[in-house]
Amino acid sequence: MKSRYKRLTSLALSLSMALGISLPAWASPDTSVDNKVNFSTDVIYQIVTDRFADGDRTNNPAGDAFSGDRSNLKLYFGGDWQGIIDKINDGYLTGMGVTALWISQPVENITSVIKYSGVNNTSYHGYWARDFKQTNDAFGDFADFQNLIDTAHAHNIKVVIDFAPNHTSPADRDNPGFAENGGMYDNGSLLGAYSNDTAGLFHHNGGTDFSTIEDGIYKNLYDLADINHNNNAMDAYFKSAIDLWLGMGVDGIRFDAVKHMPFGWQKSFVSSIYGGDHPVFTFGEWYLGADQTDGDNIKFANESGMNLLDFEYAQEVREVFRDKTETMKDLYEVLASTESQYDYINNMVTFIDNHDMDRFQVAGSGTRATEQALALTLTSRGVPAIYYGTEQYMTGDGDPNNRAMMTSFNTGTTAYKVIQALAPLRKSNPAIAYGTTTERWVNNDVLIIERKFGSSAALVAINRNSSAAYPISGLLSSLPAGTYSDVLNGLLNGNSITVGSGGAVTNFTLAAGGTAVWQYTAPETSPAIGNVGPTMGQPGNIVTIDGRGFGGTAGTVYFGTTAVTGSGIVSWEDTQIKAVIPKVAAGKTGVSVKTSSGTASNTFKSFNVLTGDQVTVRFLVNQANTNYGTNVYLVGNAAELGSWDPNKAIGPMYNQVIAKYPSWYYDVSVPAGTKLDFKFIKKGGGTVTWEGGGNHTYTTPASGVGTVTVDWQN
């Protein structure tokens, strides 16, 4: 059966390229709904569950928590999982071409109605949790949730859940009777509340002023009861809670507020997911404002094992198309710079609006900017995410106006048709899913980029000027000679092009407000890796390698120079390989493939091999006095501690909240049950000062979290 399957797959691929049709999910493992660790071929549709569709009126909240006329946007409106199921079954979501749904946090939230500034507020958004092992009754019960998962999977759609382990719900230190006092429950049993927190489940350091990363991590986000992740009970609780949801078939996790949780704990947490029974794609929210870059954001994306929402991309697209404050040249500069900054650019989740920013569509304005921004995002590097209602041109500035009830399910809008036309390209053309990005033609109003992967290529041309057409000359591409029609079929005033020998495109005029996509898909005769997921793991974990041209007979996978063959190859298909991470030195390494005929692939760089199972340890050093501009770092004998390399040392450490200067601390993900040798160093002004004396030693716990405290050695 296996060899016959491969022959059928090869035939299907050949026919699809000849006829220009999309393949069903079964034909290509990398594009399948079963591919839970890589989302490069997917299009995500973000749903605020309460605001999408009310499919079951019997679960609507009673009393003051519910707004029957939907006039108070801070109350529940009735959207639920059954409503989403209905929109899958009636073809609205499948017809649009989306292949993953990102839904609100599904866990039980508080039912209290809280009055802020005279206005009643509720947990409709899902971010005021009380029990991470129960469902939000307003969305449905576990049977409803399982039905959503099963229905989505039956229609080749993945399900991503929002998950917010940063906090529970609003609390007032001086008023235990406020709301539900931030109470945390474990499957119905109270673990503790913010007041009288004898178990140390929460931080009690006041509210953050957002002045520093440290302040945002170890203080409350607004009035939300902030979780103490350096607590064994909390660590175990969240690991068991997420395993419950993953066991139901969830395909991905979006983590809320990753900037506001200890980075070491998050790395340890996601490593437990990747090494568990249900590894899935993960991405987090690290908010960046317009024109803002953040080295800590880049470091988190490259080191934590978790991917991120691409706020830098989103803010630039909004400035270029929505606000017209930046040019297309600026846009390409962001595309180029982010591709060099982020190690895993194909995993960054791109978007143009969401529940935390003004809707992209501006009230009273034309719709072409929205349509062009969608076209770019659907064909750009990364994993595109579309906010519910953007395809219906919903408007609304700020919370809660950007979270109104879905206004329409019209399948005839131009935006809906743009998504419908371009979303399938992510599965049919690997250049869109995995390709590099090159600028081919640019001025202030026009950008033409090429996506290329192996022998497949696509050109995307956008003229944002709604009143002036532009003559395009001197355009070169990787497209073979021939005539190419616009994938959008002129929906956004695009045109066909003719390509001559050497990839030269015959001169043409790009219409005012015009957008076109031209593409070519070819079979690969040589192996080409497009993505590897997860991007972090320990020996014994299974990784998925997606791409093209691997062939139908197992060859060899390499982690650095260490070969994986035989039983180390879990499965081998032309577009996907699953392999076991071998026993290799921990740290960043390359992953490559050699086919059974001996042809070598490109190298996927920066796969992060962990030493072993991870736990979180707080390292604290006292009496570490420094001069202005000098900070304290941690370095040690494990790869997770930089392998004694000062350039890879952990830090800079913190010294203002949990402990104060001259004490310094940092929460670090380190190998479990392992004796560590470590020291602290001072870095500043290009100078490194090592701690004196012998190495500190500490044996990490086999599970949970730990703390080690030492004095600086002069």
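Just so you know, glycine gets a Cβ as well, placed from its N, Cα and C.
These come from Swiss-Prot:
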BINDING   ASP54, ASN59, ASN60, GLY78, ASP80  Ca(2+) 1 binding site
BINDING   TYR127, TRP128, HIS167, ASN220, LEU221, TYR222, ASP223, ARG254, LYS259, HIS260, HIS355, ASP399, ARG403  substrate binding site
BINDING   ASN166, ILE217, ASP226, HIS260  Ca(2+) 2 binding site
REGION    166-229  region 'B'
REGION    230-434  region 'A2'
REGION    524-610  region 'D'
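Other residues of the chain with a Cβ within 8 Å of the Cβ centroid of ASP54, ASN59, ASN60, GLY78, ASP80, the Ca(2+) 1 site, are ASP50, GLY55, ASP56, ARG57, THR58, TYR76, PHE77, GLY79, GLN82, GLY83, ALA138, PHE139.
Rounded to the nearest whole angstrom, the C-alpha distance between LEU221 (substrate binding site) and ASN60 (Ca(2+) 1 binding site) is 29. Using DSSP to sort the residues of the region 'B' (166-229) gives these counts of helix, strand and coil: 6 helix, 18 strand, 40 coil. Take the Cα of TYR127 (substrate binding site) and measure to each of the binding-site residues ASN60, GLY78, ASN166, ASP226: the nearest one is ASN166.
The DSSP breakdown of the region 'D' (524-610) into helical (H, G, I), extended (E, B) and coil residues amounts to 3 helix, 46 strand, 38 coil.
DSSP assigns HIS260 (Ca(2+) 2 binding site) to a helix in the three-state reduction. Ranked by CA distance from ILE217 (Ca(2+) 2 binding site), the binding-site residues ASP54, ASN60, ASP80 have ASP80 at the top as the closest. The binding-site residues shown are ASN59, ASN60, ASP80, ASN166, HIS260; of these, the one with its CA atom nearest the CA of ARG403 (substrate binding site) is ASP80. Using a 10 Å Cβ-Cβ cutoff, ASP80 (Ca(2+) 1 binding site) registers 28 neighbours. Note: the Cα of ASP223 (substrate binding site) and the Cα of GLY78 (Ca(2+) 1 binding site) are spaced 26 Å from each other.
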